[in-house]
């Protein structure tokens, strides 16, 4: 009876999987074959010893070399040994490589077992190749293998990965009809994927269905729902879900508490955030770096920078290492509070602790100095950014242009814009909006109008901000008719609606 699920698949996709594996040989397969062919038989290491010592920390290139050693061995290793290696490669997120290496195994005449089929199906699903995953399922069942709930779990995950949630639920119903019992992991996969896509109401329906089927939700189930509901502002529903969780005797974990602290902090309910922190300590739930980062972020958002610094000291005293998120949050907080020099001190601490700054780090400091009109200090930040191997992006240049325009240095801003254009950098509408606004602010409305009219020649379409900025400039010059005509053009020709 269970085989009925793949009769259609097996008939319609007959040979599809085999053709794919023959036709889609890629660089990884070529590389592995080249290594195999170039190595002398006597130089091989004993693959058995490597397998015995464990594969949890193996690197990709070493895994390929080990695969070649195994493929050259006489007699050939079993599919069980190959599966152990290929599962380790899959854990490195090298799914395409695993698919290619399975093709090589088939060429060597090594037959699949249940676990190798399940691994291959999982890799197809993670590469969003569901038709091949289903073909593989059909092939394995045709050969007499009974898929496990893990196999079906991979397929459900594959459907969710490409947002085919209805088919994921339909597959779960078919699994039940075939006598399998879906576990909480399968339902968690669907609920979490729905929450990630903002389809929380559907996720709540799945939760109801899950309970109806007698599957007990766990803390992972509730964490997905609570996190999404809180972040979407549906406090009433999220509180109800949290109560439901507690009523079922499911204890909140570090993820639950961190999510609550994060939301309360962002909403300015700092006392409640601290209350949640104290409660997790009382419940012997150990905070992690995400918990502390959430606390620091909430304090920084609301300008309590000294308290945020104290939390940083606490996490260090408890043996945690601040990461880029920790430091970036503090730097951003200081810059928002116009304490950019203090932000620079955090960057120095960050560098001392061996944590590399990223584009966000440097752009935040760069923007802080530009907004304060300290362009000399801003240039030093830019120099440090480049010397550390972090490349400025378009946002970096926009920060400079915006700062120059805000401080009445429109001439320098225009020179920088010209330099950008000469460097063949693609300049977008955001950059032109900054310059148009700067020209209007400097009472150079005619120049702004000329730039506005030349946008089409530059291959750039104006957006609502462009129109509104230009209309404000025209109205300041009391050019009412021109402003009104521009408003009509915005609505009729470009189909843009004004911002309320």
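Glycine is treated like the rest: Cβ placed from N, Cα and C.
Quantities reported herein were computed from a predicted structural model and do not represent experimental measurements.
Feature list (source: Swiss-Prot):
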| type | residues | note |
| --- | --- | --- |
| REPEAT | 78-112 | repeat 'PPR 1' |
| REPEAT | 113-147 | repeat 'PPR 2' |
| REPEAT | 148-182 | repeat 'PPR 3' |
| REPEAT | 183-217 | repeat 'PPR 4' |
| REPEAT | 218-252 | repeat 'PPR 5' |
| REPEAT | 253-287 | repeat 'PPR 6' |
| REPEAT | 288-322 | repeat 'PPR 7' |
| REPEAT | 323-357 | repeat 'PPR 8' |
| REPEAT | 358-392 | repeat 'PPR 9' |
| REPEAT | 393-427 | repeat 'PPR 10' |
| REPEAT | 428-462 | repeat 'PPR 11' |
| REPEAT | 463-498 | repeat 'PPR 12' |
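Averaged across the repeat 'PPR 10' (393-427), the predicted model reaches a pLDDT of 91.
Within the chain carrying the repeat 'PPR 11' (428-462), a Cβ under 8 angstroms from the stretch's Cβ atoms is held by residues 394, 397-398, 401-402, 404-406, 408, 410, 413-414, 417, 420, 469-470, 472-474, 476-477, 479, 494, all 6 or more beyond its ends. Shown for the repeat 'PPR 2' (113-147): DSSP residue counts in helix, strand and coil, namely 26 helix, 0 strand, 9 coil.
Tertiary proximity for the repeat 'PPR 5' (218-252) is limited to same-chain residues at least six positions away from its ends with a CB under 8 Å from its CB atoms, namely 184, 187-188, 191-192, 195-196, 198, 200, 203-204, 207, 210, 259-260, 263, 280, 283, 285. Listed as Cβ neighbours of the repeat 'PPR 4' (183-217) (distance under 8 Å, sequence separation of 6 or more from its ends, same chain) are residues 149, 152-153, 156-157, 160-161, 163, 165, 168-169, 172, 176, 224-225, 227-229, 232, 234, 237, 245, 248, 250. Per DSSP, the repeat 'PPR 9' (358-392) is made up of 26 helix, 0 strand, 9 coil.
Helix, strand and coil residue tallies for the repeat 'PPR 12' (463-498), in that order: 26 helix, 0 strand, 10 coil [DSSP].
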